[in-house]
Amino acid sequence: MTELRHRGTTDNELQHQQSDDKGSESESKAERDGASDSETKPDFGVPDVPVPPDDTPEVLNKALSGLSSRWKNWWVRGILTLAMISFFFVIIYLGPMVLMMIVLCVQIKCFQEIITIGYSVYHSYHLPWFRTLSWYFLLCVNYFFYGETVTDYFFSLVQREEPLRILSKYHRFISFTLYLSGFCMFVLSLVKKHYRLQFYMFGWTHVTLLIIVTQSHLIIHNLFEGMIWFIVPISCVICNDIMAYMFGFFFGRTPLIKLSPKKTWEGFIGGFFATIVFGILLSYVMAGVRYFVCPVEFNNDTNRFTVDCEPSELFQLQDYTLPSVLESLTGWTTVKLYPFQIHSIALSSFASLIGPFGGFFASGFKRAFKIKDFANTIPGHGGIMDRFDCQYLMATFVNVYIASFIRGPNPSKVIQQLLALRLDQQLHIFNSLKAHLTEKGLLPALEEAA
């Protein structure tokens, strides 16, 4: 009896415990069910982004109405490509400052297109302050990067103007304070049941800033090294894009990558060789013009930007001995080339072999959100980001290439920094430099010559 009574007690306890477990499970389930759909929907699927309407000009629609959709798209893309190339020539003629403003405008438009996709995907969840904070972070990052550029390249101007000098001295602290304010605003905007999506969007914004704003900053740095470092890489990417499309359109048979079904091996290979030839020829034309090869500098006497200098050896014709194979084919022993043309082969190769992966990355992004283009800004081409997806990757390569193989110490910048020191510091550096030159035996020789 004792065993039965004990067993009965144990059974009752187990039943009671199981009922408690079921109750707690039901409560947990109720809590999970009561949570916002924002916590679960992104895991099961991504809402479709609204497809923008066709903005092809009515004139083109009427003129090309008798063609098939394939050839109509070919003509639309071709006509608008020529229009964009013409616009590119115009802004090159207007000078480096206009180019910098265009880069900033392109950056803002690309940022807007990507942020709009994020907002369209998660619009139904009414995330608080998402777009406002995104644009605020864009402002903060641009303030930081452009401030660094002004301090670096216009040092004498900054030191001459008291307000600019103060802003330059405390620039990084101001930038960090601005970013910290946005960070605190984001934390204060967090709302229960929307946490996960809000952090998704926080990461979305920062990755967009990393891809768009950082690369734009590098493009401007390349521009200051000389317009040729801006024009040739961009032109190589454009040439590769056009020639790969042309070769693929007429000869394409073999698919290249699943992310972009219209890309073919024929277009990829044809675009590569065409871009190499184009880069060498364009470099030959531009390397002999000072306007393109001289760094962009600020002239204190005229208070204007100048593009005038004595071209470096990189932009002076030199004799190169041809390999025996080429010598037998051409009959030439040597050939005159600009050293920059040799570097242009590296730029062209990257633009045609690695640059397209920026486009493949963008294709994967668009497929993830079930959209055809980032926007419908340019009929037949999509959004601005659709045209610049390869350019940003190219800008990083050019900046790294210049820093690794081209740029050396800049005496003018060293002198500017020395003049900003206190007089006792300048005197100390002068004495140290004098002792160093005397030890090397250079200073006495200079004094005797004087």
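Heads up, the Cβ atoms here are built off N, Cα and C, so glycines get one too.
Annotations in TrEMBL come from automatic prediction, not curation.
The structure displayed is predicted, hence computed values, not measured ones.
According to TrEMBL, the compositional bias 'Basic and acidic residues' annotation covers 1-42.
Summarising the annotation, TrEMBL assigns region 'Disordered' to 1-54.
The annotation transmembrane segment is assigned in TrEMBL to 74-94 (among others).
The transmembrane segment annotation in TrEMBL covers 100-122 (among others).
Feature annotation from TrEMBL assigns transmembrane segment to 129-146 (among others).
The transmembrane segment annotation in TrEMBL covers 173-191 (among others).
Annotation comment: TrEMBL describes 198-220 (among others) as transmembrane segment.
Sequence-distant neighbours of the transmembrane segment (226-251) (same chain, 6+ residues past either end, Cβ-Cβ under 8 Å): 74, 77, 81, 85, 88, 92, 96, 99, 219, 262-264, 266-272, 274-275, 278-279, 282-283, 286-287, 291-296, 307, 315, 340, 344, 347-348, 351-352, 355-356, 390-391, 394-395, 397-398, 402. For 226-251 (among others), the entry in TrEMBL reads transmembrane segment.
As annotated by TrEMBL, transmembrane segment applies to 272-293 (among others).
For 340-362 (among others), the entry in TrEMBL reads transmembrane segment. Non-local neighbours of the transmembrane segment (340-362) in the same chain are 228, 232-233, 236-237, 239-240, 244, 257, 259-260, 263, 268, 271-272, 275-276, 278-280, 282-284, 287, 293, 314-315, 374, 385-386, 389-394, 397-398, 401, 405-406; each lies 6+ residues outside the stretch with a CB under 8 Å from one of its CB atoms.
Residues 104, 107-108, 111, 115, 118-119, 122, 171-172, 174-175, 178-179, 182, 185-186, 189, 198, 201, 205-206, 208-209, 213-214, 216-217 of the same chain sit 6 or more residues outside the transmembrane segment (129-146) yet have a Cβ under 8 Å from a Cβ within it.
Only residues 6 or more beyond the boundaries of the transmembrane segment (100-122), in the same chain, are considered here, and those with a CB under 8 A from a CB of the stretch are 38, 42, 46-47, 49-50, 91, 130-131, 134-135, 138, 142, 197, 200-201, 204-205, 208-209, 212-213, 216, 219-220, 223, 369, 371, 374-375, 377, 383-385, 388.
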